[in-house]
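Okay, structure first, notes after.
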Amino acid sequence: MLKTLFLLPVETQIFYSVLVFSWTVYLWEAYLSCRQRKIYRTTIHVPEELGKIMDPETFEKSRLYQLDKSNFSFWSGLYSEIEGTLILLLGGIPFLWHLAGSVTARFGFGPDYEITQSLVFLTLATLFGAVTGLPWSLYSTFVIEEKHGFNQQTLGFFLKDAVKKFAVTQCILLPVSSLLLYIIKIGGDYFFIYAWLFTLLVSLVLVTIYADYIAPLFDKFTPLPEGELKTAIEDMAKSISFPLTKLYVVEGSKRSSHSNAYFYGFFKNKRIVLFDTLLEDYSPLNSAGEPQSDAQTETESDPEESSSETKQKSKKKQGCNNAEILAVLGHELGHWKLGHTVKNIVISQMNSFLCFSLFAVLIGRIELFVAFGFTQSQPTLIGLMIIFQFIFSPYNELLSFCLTVLSRRFEFQADAFARDMGKASELYSALIKLNMDNLGFPVADWLFSMWHYSHPPLLERLRALGNVKQD
């Protein structure tokens, strides 16, 4: 079979090589997921090492949650792979390009208006992706997340949010794409340098404005109220010379009970954002006996179920206490102090420059376009798609694995930074709480973990923190 493949025209070799590699990656991912699902199915009792960390009830909940997510991932991944294969085999990309040309022609734009046609193509492609992905997203949110107590959204809120995300994406994607295509067109022999500098500028601008102008379109951000926690965070930031300017709490609880925290900003303008679900004293999910959210109100018709939920909430609070939040932020600030953020930016931009340089070499190869059905024209946007998405796919897989390994190393270093700040015990308990709140399953297949986990498994992080006594 391999010998026959080499006898085919080069464009046919390229096309089938892309398909074979895509399915090879899918089968590898499916194999890894199968190994992990076996762990979920067979590990039904709390391992002895976890006896003092997780109670059997939470362990079983996390096992079932992760099993449901894994099964869903299998079917959604299979659908995605089949859909992508059919698009390539049936000529979906050239068809959509010609459809975009027909649309622009109706408005008086001929073949010379390639950038205009490219923008219509992008709009149609993202619309197709949004429509075909909607049923999977609905199932994930309103079946899996709902079943396991995480979803806080109504259907109306979800659909409104989806429309808003699509609109915001187009408002960013279309102007940026048109400028990038224009730069490539007029850039001459060194267009790849200008294109790289442009994408660098765009990424820096987006990182700068995201939390101030884009994220508030979807979530409510409020300053962290004055008090003990805010004072303690500011003092900790000053102790390591972190230039903190603002502290926000984001209303993540209206979407999900999952929790998170992050910082952003450049130079002397850093901000910290805490999800309300992370804060034990602020989380609406801990407001037992107070007016309930829409998601809670739905259960009031069943007194038994409502009583059961009230008991659960009274037994265990969502989120971390102030000392644990400081430990979590000590970890996050460790990423900054140890230069992890800068290192990631440098790696990303080195990779971007390399890819644009190789793109400059390959864009003139007509056989790449012919391989995917473009025999009469070689649109720049299609060249970007073919080279970055298909031709670079082996390199992208290797890079992704290397970055995953590096990320785990950074996580251990950030944990050690928090430990050296004297917060080992608090971080230890915070990691356990966050794992339990998010129903993370603490047992992982070694190969699945090595390939997928950007954060080390819970037990590895706890061991690295040392032998910390817990109440």
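Cβ coordinates come from backbone N, Cα and C, glycine included.
For reference, TrEMBL has these:
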- GLU332: active site (ACT_SITE)
- ASP415: active site, proton donor (ACT_SITE)
- HIS331, HIS335, GLU411: Zn(2+) binding site (BINDING)
- 286-296: compositional bias 'Polar residues' (COMPBIAS)
- 297-307: compositional bias 'Acidic residues' (COMPBIAS)
- 37-220: domain 'CAAX prenyl protease 1 N-terminal' (DOMAIN)
- 224-466: domain 'Peptidase M48' (DOMAIN)
- 286-317: region 'Disordered' (REGION)
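Ranking the binding-site residues HIS331, HIS335 by C-beta neighbours within 10 Å puts HIS331 at the top. For the domain 'Peptidase M48' (224-466), the model gives a mean pLDDT of 85. There are 16 other CB atoms within 10 A of the CB of GLU332 (active site), with all protein chains counted.
On the backbone, the CA of GLU411 (Zn(2+) binding site) and the CA of GLU332 (active site) stand 9 Å apart. Each residue in GLU332, GLY334, HIS340, PHE410, GLN413, ALA414, ASP415, PHE417, ALA418 lies on the same chain as HIS331, HIS335, GLU411 and has a C-beta within 8 Å of the C-beta centroid of that Zn(2+) site, without being one of the site residues. Comparing CA positions across the recorded positions HIS331, GLU332, HIS335, the one lying closest to the residue listed as 'active site, proton donor' turns out to be HIS331. Least packed by the Cβ count within 10 Å, out of the recorded positions GLU411, ASP415, is GLU411.
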